[in-house]
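Notes to accompany the following structure.
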């Protein structure tokens, strides 16, 4: 319950910030173009708070935080007094109206740059993309990528950390040939490997894209050595102590901690014969895991904590820049995200990416909560990502979106007169239906992932 409330709070804050940024873009440019703004609303429905400024603009925070709008004076919506007609939106030039409409998405892109600027000034911790293990028969295994190598570049784009690797690889989903440059850790002797990503599919909210390719990043090592044994646990009753190294389980040699975890989890209430090493001496013990119910299924539980060897410092990176350099890096990062978003949307349309990859508000809320838990840097990065997506999607040429309005203005400029109201009304209905269908599909995908 607490996690749901946390996700919801993080989602509402994110939505409020991004909607305010988007609508402020429309508002600011409208004011600069001499258009009278009657209302600036964050949310829909009943007003929870309202205030009117000296220019007559009413500012509103409404009950339903799923959008917002800027209401401008417009003769097409209501009669306008003669002395105010020059302040009506419809009486401005095509260029001015286009600037007002485009200002919302542009504000989202500027916000993303600002968020990344803050991130790069604070410093982004990362891990060099060194491969720990390769899953047999995976896409990475078929490309003959070896453990212990470092992913230096994807299709010529340098990848200094795992986040850069993920960004570049996801943009290549559905491609037949993607070239990755690898080198032994600490070496610059690169080799090119080719990935076939035509059949690559993963669930973004459940799977790491790198892991779904069969690549396990080099991380902290977890040894089959106990660092802690909980009091009154199954392990304590079996006589296990901190410092014990587990050598065998039921006669099977043990070199990886996760193998021990699997043995314990799969054998609730069943005795397991352990061979351990304690201060240089070999001992035999019997461990009978306690039983716990996890999602309605009985699982074994021992009550131990393994010894973890931290990742060596040479594997760690931090991307941190001065104020000016951070602007350049933030702009480049935002541009990369914009290209990725357009690329992925294009592949959704062509079918190269399956529609079940489309995410809706539930997945976004989960992402908001998770990033907020990790800290301010990751929450800012999440806001930047969603802000870019919001800006790109709003530029889609659907009549109910900013892109649709820009399309009508382009037609007006070409033909020398506005598109007829009948055509606009029909287009708005079609656009609304398509948008509802798209939102319905995104929600369906969200619920199917729960």
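Placement of Cβ uses the backbone N, Cα and C atoms for every residue, glycine included.
Record features, source Swiss-Prot:
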ACT_SITE  23  active site
BINDING   22, 26  Zn(2+) binding site
DOMAIN    115-186  domain 'PDZ 1'
DOMAIN    199-291  domain 'PDZ 2'
TRANSMEM  98-120  transmembrane segment
TRANSMEM  376-398  transmembrane segment
TRANSMEM  426-445  transmembrane segment
Positions whose Cβ lies under 8 angstroms from the transmembrane segment (376-398), at least six residues beyond its ends: 10, 14, 17-18, 21-22, 102, 104-109, 111-112, 115-116, 118-119, 122-125, 333-334, 337-338, 341-342, 345, 364, 367-368, 404, 406-407, 431, 434-435
Averaged pLDDT score, the domain 'PDZ 1' (115-186): 90
Which same-chain residues, if any, lie at least 6 apart from residue 22 (Zn(2+) binding site) yet have Cβ under 8 Å of it: 68, 104, 105, 107, 108, 390, 391, 394
Residue, out of the recorded positions 23, 26, whose Cβ gathers the largest set of other Cβ atoms within 10 Å: 26
The domain 'PDZ 1' (115-186), counted residue by residue under DSSP: helix, strand, coil: 21 helix, 24 strand, 27 coil
